[in-house]
Amino acid sequence: MSSTTQNDSKSHRPMSTSPSSTDIENEKVESGSPQTITPPIPTSEEDYILTKPQGYRWFLVCTSLYLGCLIYGLDTTISADIQAAVIHSFNSPSQLTWLGTGFPLASVCGILPASAFYAVFDLKWMFISSMIVFEAGSALCGAAPNMDALIVGRVIAGLGGTGIYIGILNFFSMTTTNEERGKYMSLIGFVWGIGAILGPVVGGAFSTSAATWRWSFYINLVIAAVCAPIYLIYLTSMKPPSTSDKSTPKKLASMDWAGFILSTGTLVCFTMVLTFASATWAWNDHRTISMFVVFGVLLALTVIQQHFFILTTREARMMPPGRVTRNRSEVLLCIQTAVTVTNIQVPLYYIPLYFQFVHSDSSMMAAVRLLPFVLILIASNMSAGFLLPKVGYYWVMYLATGVFMTIGGSLMYTIRLDSNTGKVYGYSILLGLGSGLTFQAAYSIAGVKASLKNWSVKDIQSAVSLQNISQVGGTLLSLLISGQVFQSYAFENLKRVLDDNNLRFSDAEIRSTVTGTQSLVFEGLPDVVKVEAVEAIMDAMKKGFCRWFVLWL
């Protein structure tokens, strides 16, 4: 009995509904209509050779793909609550920012290259290759003998994770009809979000257990091992016939390598500046200035190369077409996506740190205190999918998001050392409620608006990819800037407190102290000085968390 069927080509065509104007801001999303469905990323039979598993095989494939999406989301934030344990193992506080930013940096660098690879190579083997890269990075992280190896592992895992996520998006967009696609695509965002939200909780649990923080990464290997047979046996082969007659070297040669290299160099330089400046290099150090100059030059070269199609073609260039990047609605959605993910990532990293310093919590207990924020965020995210068809106008959801995030972020700024935990929980609930309403909504809206404008299949895919870039890029940018502000102010404040009390420690020892109360320096401080130290770090946290957060809003 055959396990595959051919997909209906009509189900993979863009919706043909024409908008009443060239830029619709207030389209009503009717209940039960295709517009309520997550981004239509249709692909016709003429573009891909499709086969779809049936029955229990389809269930197994879907389950294994969603598990792959879960571990990618989990790894995005897994390092949020293992920082103190990692620093305790390696004593490299100056490299701490890389622990959180290495993964999203590699992810955002890999989005466009991964999309290009999936456009010319078999989806099945591209996905499996991405999973292998991700697991190799996870294995290196778990077995890392030093901080450098851990950071390299995070970067490798980030590259593989991007390939996993894009592969899953492509698989469901090519094997489901417009009527089916909504539930499958919405689950991708939901599962990724669950993983990203639970990351700190899982990381904190491992870091305080006998398994140690290393199992925060080894757990990925266990899940992948369970899913591997399903990927190999039941995941269907999907080959773009337009490139099937080309050899692998020709396929590789057709890609925009110049764009990939220039954009990656630009992002890496930007990350290095915000990571090393102040922590390792002074802001007026020649290395910091040189890195800023290199960043500016590479950014200019990237723009020029993409605009004039240097060493590439209009069709093969890395960036989405101008009709996508210049569209007001798509750009505003990108901004809102970045703001929303900032509202999630910064609290995930700094709320546990607050409880470790102010309430002397262990990593595990600090992670548990995240649950009000996490649970409301999950519930809000789930409810948004049901509310959007009822409300009809998506701008209402974004308005509510802005109100809740502004109030929650502003109230967080009022937290003091003697504030009771109920206030922290309550304010974090407001943050979770606001961000959950639009956490994944932009993917759906961007795809629908592109379809209403009768854009091509490729443009619809570009519109959705742009939201992915904003989500991962927002994660990277928020962690970079908030981390830079927090560590700079915390170091200065703590150094002043120690000097005032005639306590002499090296800069490296002071920097290790700001990572958590497990620091040997912090544990050895007299009680009176410890209170002053916590006040100094709390002040830095308000600058790193709240001011940056309110600035985004």
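Numbers here mean position along the shown chain, with the first residue as 1.
Note: Cβ is positioned from N, Cα and C throughout, glycine not excepted.
Caution: TrEMBL annotation is automatic and unverified by curators.
Per TrEMBL, compositional bias 'Polar residues' is recorded for 1-23.
According to TrEMBL, the feature domain 'Major facilitator superfamily (MFS) profile' maps to 61-553.
Residues or ranges marked as region 'Disordered' in TrEMBL: 1-44.
What TrEMBL records for 58-78 (among others) is transmembrane segment.
Residues annotated as transmembrane segment in TrEMBL: 98-118 (among others).
The transmembrane segment feature in TrEMBL is assigned to 125-145 (among others).
Residues or ranges marked as transmembrane segment in TrEMBL: 151-172 (among others). Residues of the same chain lying 6 or more positions beyond the ends of the transmembrane segment (151-172) and with a Cβ under 8 Å from any Cβ of it are 41, 43, 65-66, 68-69, 72, 75-76, 79, 95, 98-99, 102-111, 114-115, 117-118, 123, 126-127, 129-142, 144, 181, 184-185, 188, 192, 217, 220, 235, 238, 464-465, 468, 472.
As annotated by TrEMBL, transmembrane segment applies to 184-203 (among others).
Sequence annotations record features per position, and here TrEMBL assigns transmembrane segment to 215-236 (among others).
Tertiary proximity for the transmembrane segment (257-283) is limited to same-chain residues at least six positions away from its ends with a CB under 8 Å from its CB atoms, namely 94, 97-98, 101, 105, 108-109, 112-113, 116, 291-292, 294-295, 298-299, 301-302, 305-306, 310-312, 317-319, 476, 480-481, 483-484, 487-488, 491, 511. What TrEMBL lists as transmembrane segment is 257-283 (among others).
Same-chain residues lying 6 or more positions outside the transmembrane segment (289-310) and placing a CB less than 8 Å from one of its CB atoms are 258-259, 262-263, 265-266, 269-270, 272-273, 276, 317-319. Annotation source TrEMBL lists transmembrane segment at 289-310 (among others).
According to TrEMBL, the transmembrane segment annotation covers 331-350 (among others).
Per TrEMBL, the feature transmembrane segment maps to 370-388 (among others).
Residues or ranges marked as transmembrane segment in TrEMBL: 395-415 (among others).
Summarising the annotation, TrEMBL assigns transmembrane segment to 427-448 (among others). Outside the transmembrane segment (427-448), and at least 6 residues removed from its termini, the chain residues within Cβ reach (under 8 Å) are 15, 27, 29, 34-41, 185-186, 189-190, 193, 330, 333-334, 336-337, 340-341, 343-344, 347, 351, 370, 372-381, 383-384, 387-388, 394, 397-398, 400-405, 407-409, 411-412, 415, 460, 463-464, 466-468, 470-471.
Among the recorded stretches 125-145, 184-203, 215-236, 331-350, the one sharing the largest number of Cβ pairs closer than 8 Å with the transmembrane segment (58-78) is 184-203. A contact between the transmembrane segment (184-203) and the transmembrane segment (98-118) is absent, since fewer than 3 of their C-beta pairs, 6 or more residues apart, lie under 8 Å. Listed by sequence, the residues of this chain that lie at least six past the ends of the transmembrane segment (331-350) yet keep a Cβ under 8 A from its Cβ atoms are 77, 80, 100, 196-197, 199-200, 325, 370, 373, 377, 398, 401, 405, 409, 412, 428, 431, 434-435, 438-439, 442, 445-446, 466-467, 469-471, 473-475, 477-479, 482-483, 486, 541, 544-545, 548-549, 552-553.
Panel annotation: around the transmembrane segment (125-145), residues 68, 71-72, 75, 114, 117-118, 152-164, 167-168, 171, 214-218, 220-221, 224, 228, 231-232, 235, 237 of the same chain, lying at least six beyond its termini, place a Cβ under 8 Å from a Cβ of the stretch. Summarised as a single figure, the pLDDT of the domain 'Major facilitator superfamily (MFS) profile' (61-553) averages 86. Sequence-distant contacts of the transmembrane segment (215-236) (same chain, at least 6 residues past either end, Cβ-Cβ under 8 Å): 3-4, 50-53, 57, 60-61, 63-64, 67-68, 70-71, 74-75, 78-79, 82, 124, 127-128, 131, 134-135, 138-139, 141-142, 153, 157, 171, 175, 202-203, 206-207, 209.
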